[in-house]
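Undergrad: Heads up, here are the entries from Swiss-Prot:
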type	residues	note
BINDING	C64, C67, C70, C113	[4Fe-4S] cluster 1 binding site
BINDING	C74, C103, C106, C109	[4Fe-4S] cluster 2 binding site
DOMAIN	54-84	domain '4Fe-4S ferredoxin-type 1'
DOMAIN	94-123	domain '4Fe-4S ferredoxin-type 2'
Amino acid sequence: MLLAIKEFFNSLLLKELFKGLALTGRYLFARKITVLFPEEKTPLSPRFRGLHALRRYPNGEERCIACKLCEAVCPALAITIESDQRDDGTRRTTRYDIDLTKCIFCGFCEEACPVDAIVETHILEYHGEKRGDLYFTKDMLLAVGDRFEPEIAANKAADAKYR
């Protein structure tokens, strides 16, 4: 009974309200951690999933062996692959397209690839004025991979112990 009366007076005297206001005041005058995005950039994780790229081997040959695992595992059906068989019996892609308007950047394609041919880079700032500008062909994906290969290799090496 005595405890109930004490709790009634505490609530009547608005003890909880003042506790809440004190907490709000503490954070109101604390240092802000806002980042002004276009001028300042926060560091990205090695596992960040941005724009796709196709990689090549050091001898210049493209890595994709046309196994079509990435196409099969893609939940958004954003990847289209066509392949031909070479004279030596290996398969290579003749068409490798990714529709970025469909892609949900889940990373399943990257995980499914047995030869690390398809990767997602740290490029997050890309745009298109028309819908067709976000439809990446094999040549465009290879160009992205060629341009950012040192960064891609460094991120793969940094993330290797977690795979």
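Here, residue 1 is simply the first one shown, and the rest follow in order.
The backbone N, Cα and C atoms fix where each Cβ goes, glycine too.
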Undergrad: For the [4Fe-4S] cluster 2 site (C74, C103, C106, C109), what does the 8 A shell look like? I mean other same-chain residues with CB within 8 A of the CB centroid.
TA: C70, V73, P75, A76, A78, I79, I98, I104, F105, G107, F108
Undergrad: Consider the binding-site residues C64, C67, C70, C113 and say which one has the Cα lying nearest the Cα of C103 ([4Fe-4S] cluster 2 binding site).
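TA: Going through C64, C67, C70, C113 one by one, the Cα closest to that of C103 ([4Fe-4S] cluster 2 binding site) is C70.
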Undergrad: Does DSSP give C113 ([4Fe-4S] cluster 1 binding site) helix, strand or coil?
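TA: DSSP assigns C113 ([4Fe-4S] cluster 1 binding site) to coil.
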Undergrad: Do any residues of this chain, six or more beyond the ends of the domain '4Fe-4S ferredoxin-type 2' (94-123), have a C-beta under 8 angstroms from a C-beta of it, and if so which?
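TA: Same-chain contacts beyond the ends: 44, 48-55, 62-65, 67, 69-70, 72-84, 131, 134-138, 141, 144-145, 148, 151-152, 155-156.
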Undergrad: With DSSP, how much of the domain '4Fe-4S ferredoxin-type 1' (54-84) is helix, how much strand and how much coil, in residues?
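TA: Residue counts in helix, strand and coil order: 5 helix, 9 strand, 17 coil.
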Undergrad: If I take the alpha carbons of C109 ([4Fe-4S] cluster 2 binding site) and C70 ([4Fe-4S] cluster 1 binding site), what is the distance between them in whole Å?
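TA: Checking the Cα atoms of C109 ([4Fe-4S] cluster 2 binding site) and C70 ([4Fe-4S] cluster 1 binding site) gives a distance of 4 Å.
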Undergrad: What mean pLDDT does the predicted model reach across the domain '4Fe-4S ferredoxin-type 2' (94-123)?
TA: 94
Undergrad: Using C-alpha atoms, which one of the binding-site residues C64, C67, C113 comes nearest to C74 ([4Fe-4S] cluster 2 binding site)?
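TA: Sorting the binding-site residues by distance from C74 ([4Fe-4S] cluster 2 binding site), the top entry is C113.
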